[in-house]
Amino acid sequence: MPNFRVKKLKNLTLPFEKNGVKFLKLAKGRVVDLLLTEVFGEKFFITIKPSGDKFIIKSEKITRPARLENLQIALEIFRDEFTQELITNSINAKKSKFKKSQIVKDELEAINFLNNSNKKAIEIGFGSGRHLLYRAKQNPEISYLGIEIYKPSIDQVENLAIKDKLLNLALLNCDARSFLSLVRSNSIDFIYLHFPVPWDDSEHRRVISKSFLEEAKRVLKVNGRFELRSDSRNYSEFSINKMLDLNGVNLEIYKNKNLEISSKYEDRWKKQDKDIYDIIMINSDLSDDISNFKELEFPKFDPFKIASKFKHEKFKFDDFFINFEEIYKFSDDEILLKLSFGDFSVNENRFIYISNEVSKYYINSPLPTKINQKAHEKIKEILLK
């Protein structure tokens with residue numbers, strides 16, 4: 001991930017703007033400071049961290065932009081304008097491609113993309129994008145949504161999709177396990193999950209779980225297909241057993257089935273004579289529509305009161321948790337709280353912005369899943385004490 005280290009910082013004169021990059025204001029933390037940055041309307045934080053006799057400048061993880069080059073250019077401008085005595089540099093900005101994306105979506109845009117399509121497919125963890133791009137090229141009548149948690153893959157596949165002028169493809173950077181809970185019931189034709197990390201020593205980190213398969217089954221149309229492809233027999237058998245616990249599904253199982261397209265890793269495994277397993281789960285049930293989700297909104301909080309009593313504190317409940325991690329101050333009456341919350345296996349990491357005028361999630365709101373709604377109500381209760 002792009003970053004650099006310097007000996008000295010110049011005085012920050014904010015707000016500052018150059019070449020489409022804006023540095024808006026600084027939130028001071030107990031250890032790390034957050035610089036609010038905007039590039040083509042997309043806001044994110046850059047972290048400024050003292051480390052001995054130097055400073056480390058890089059992206060803040062929660063708000064990191066999907067387009068890596070936008071972050072790189074922002075870091076490059078900050079380096080040139082506000083630092084001295086460069087020690088190390090890991091930035092490679094490509095100014096010629098500096099633009100706002102139309103393919104990369106946020107969660108609500110991705111939902112609208114799916115809702116406005118008749119035939120649609122989702123690929124979870126598309127990696128290099130070889131399978132996703134092939135499907136989108138071969139089937140222009142199908143809308144494809146690729147979901148990937150690894151941001152450099154988003155950037156790489158977006159550039160390839162633009163080059164190929166694919167109009168039936170959208171990309172989303174998030175955890176698919178949370179996103180599926182927002183998708184309409186019986187609306188998806190295909191879900192692909194190819195070569196997920198098996199996590200043999202940490203089953204709770206696997207994509208496949210009882211709750212994930214229930215959501216996948218719910219969103220699939222009748223005769224819709226969830227297709228798992230894996231080189232791990234252990235993971236395949238684990239997944240089959242989870243699928244067999246569901247009602248209203250049929251399974252197809254194949255060994256060493258040749259598809260029209262294979263990934264570079266699959267090509268390597270075949271040369272090593274490794275077995276490849278395909279498990280296809282076909283839905284046969286009509287599912288109930290999901291209830292409308294509430295907007296996750298806050299009442300007005302007193303920033304001074306909350307700042308004066310803030311402490312790192314974790315709360316555990318039956319099916320979710322809340323962890324207040326850190327506080328940052330733009331000023332005495334304008335603060336940020338950093339926290340994590342939600343399901344024990346699929347959690348959210350967010351900031352809450354609190355001023356005298358408004359309190360809200362910042363920069364992005366969490367997905368309004370049932371678990372997140374429960375956690376949100378408890379967060380409000382705790383902050384109002």
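The first residue you see is number 1, and the count goes up from there.
Keep in mind that glycine also has a Cβ here, set from the backbone N, Cα and C atoms.
Under the heading S-adenosyl-L-methionine binding site, TrEMBL lists Glu123, Glu148, Asp175. Feature annotation from TrEMBL assigns substrate binding site to Asp231.
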Quick one: which residues besides Glu123, Glu148, Asp175 have a Cβ within 8 Å of the S-adenosyl-L-methionine site's Cβ centroid, in sequence order?
Ile124, Gly125, Phe126, Gly146, Ile147, Ile149, Leu172, Asn173, Cys174, Ala176
Asp175 (S-adenosyl-L-methionine binding site): secondary structure state under DSSP, collapsed to three categories:
coil
Find the longest CA to CA distance in the recorded S-adenosyl-L-methionine-binding set Glu123, Glu148, Asp175; express it in Å as a whole number.
12
How many whole Å apart are the CA atoms of Glu148 (S-adenosyl-L-methionine binding site) and Asp231 (substrate binding site)?
20
Using C-alpha atoms only, work out the spacing between Glu123 (S-adenosyl-L-methionine binding site) and Asp231 (substrate binding site) and round it to an integer in Å.
18
Tally every other Cβ atom lying within 10 Å of the Cβ atom of the residue listed as 'substrate binding site'.
17
So which one is it: of the binding-site residues Glu123, Glu148, Asp175, which has the fewest other Cβ atoms within 10 Å?
Asp175
Once the DSSP letters are reduced so that anything not helix or strand counts as coil, what is Asp231 (substrate binding site)?
coil
